[in-house]
Amino acid sequence: MLTVKQIEAAKPKEKPYRLLDGNGLYLYVPVSGKKVWQLRYKIDGKEKILTVGKYPLMTLQEARDKAWTARKDISVGIDPVKAKKASSNNNSFSAIYKEWYDHKKQVWSVGYATELAKMFDDDILPIIGGLEIQDIEPMQLLEVIRRFEDRGAMERANKARRRCGEVFRYAIVTGRAKYNPAPDLADAMKGYRKKNFPFLPADQIPAFNKALATFSGSIVSLIATKVLRYTALRTKELRSMQWKNVDFENRIITIDASVMKGRKIHVVPMSDQVIELLTTLSSITKPVSEFVFAGRNDKKKPICENAVLLVIKQIGYEGLESGHGFRHEFSTIMNEHEWPADAIEVQLAHANGGSVRGIYNHAQYLDKRREMMQWWADWLDEKVR
């Protein structure tokens, strides 16, 4: 039988190994050095292994006691692995997330709740959903965050960390976890700084236009980039656009309230340039997708969140320009040319407290904004070197 001294002296080797205690119980020592108590047993003629607990969280005596209980269950036909799985289903990250989500979605808009559920279903639950929440370690959660960062989705990485943290806090207050690893990951993240999006000064816009004219990649991504510049929309708002949101007759794009940062409808007047671009695109994506900017591989989804950044990168402006930079340039130049500040703010869908700039009446300043957005599109087109 094992002694505490033998257990403490056990060091990781090039290959995993076991230290036998007796009656099927042993200490498993993997290459990582994280020791685990396991019990080998037979039931219904099949050999199985039960993970009893982690050392040193579970002492030698506690492991023996738990193994004894498991063997007692086996003697009356109860499979401890199946019993543990049934018990842990309610303590898995996925199960607790669903409880938390059902509780929180009551105060969210339908659009936001749908967006968040998609983020968890696509990128988080497939990795850690099946794990018991109390067993999830910081490195496992960091793996989730790294997947967002690796594709350049820094804002979404930060959102994923925060929302996972809320799930862990919910587990803690409901007695199913003792530790929230999410806050500790902040220093390990590449970071998302909202105020540091690159943008171009006005005198560099002609050179950018010339570079953009050389782009030979996806026509959908190219038109998305141009429309983003002409409209000063947020990338998220642009990607959400469906053909039902585009009214060619009245020359407006309507962005659903569920997508907007302020959760209120946003109406965007279309310049001649935008109408021409979307008319061209309608023959490409409208027959196959409800999305204006349909994804390349999955027409049921919009283009990826980094599509515009990839265009910018391909024409040599990585780190110098960005989708958010287009909005900054629009705001700066329109203010310099003394267009009405409130019309500019409404076009940008900026909410500033209780002031007039925070009022999202979809008809507000529409006539003035029609004139303003046509001027802006013409100004951009004239800047050719």
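The backbone N, Cα and C atoms fix where each Cβ goes, glycine too.
Residues or ranges marked as active site in Swiss-Prot: Arg234, Lys261, His324, Arg327, His350. Summarising the annotation, Swiss-Prot assigns active site, O-(3'-phospho-DNA)-tyrosine intermediate to Tyr360. If you look up Swiss-Prot, you'll see 91-172 marked as domain 'Core-binding (CB)', on the strength of sequence analysis. Summarising the annotation, Swiss-Prot assigns domain 'Tyr recombinase' to 195-373 and lists sequence analysis as the type of evidence.
Cβ neighbours within 10 Å of His350 (active site), excluding its own Cβ and spanning all shown chains: 15. Of all the Cβ atoms in the protein chains shown, 21 others lie within 10 Å of the Cβ of Arg234 (active site).
Taking DSSP states H, G and I as helix and E and B as strand, the domain 'Core-binding (CB)' (91-172) has 70 helix, 2 strand, 10 coil.
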